[in-house]
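Report on one structure; see the data block that follows.
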Amino acid sequence: WSAVLATAACLIHFVLGPAVGGLADALGRRRVLLVCSVLELLPAWGIFIHVFTGLSLYAVFFLTIFADIPSQAVFLAICADIVPPAERAAAFGTILATAQVAGLA
């Protein structure tokens, strides 16, 4: 099943990436980042509810889709807005390295 989930994650990034970017440009990066971050918490809440109330594992499996919302690009766009051009490369590297070490990339 891990191959199926990895394929689904790639497809979600491929389809939703431009949409999330367009929404971030139209509605504001911080607002879109907040919504994406809340949606990314749904799988954790699904597991919590499954453990304590017996929510179906199919529902938990469905909620894992929300863990793959492509919000990292919004983080980088906010960084590009805040950080001066001379320091952007170091800031991008720090963000991406932190995400990689934390297991978020």
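Along the chain as shown, residues are numbered 1 onward.
Even glycines carry a Cβ here, placed using N, Cα and C.
TrEMBL annotations:
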DOMAIN    1-105  domain 'Major facilitator superfamily (MFS) profile'
SIGNAL    1-17  signal peptide
TRANSMEM  45-66  transmembrane segment
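The average pLDDT for the domain 'Major facilitator superfamily (MFS) profile' (1-105) in the predicted structure is 86. As a summary of secondary structure, the domain 'Major facilitator superfamily (MFS) profile' (1-105) carries 91 helix, 0 strand, 14 coil according to DSSP.
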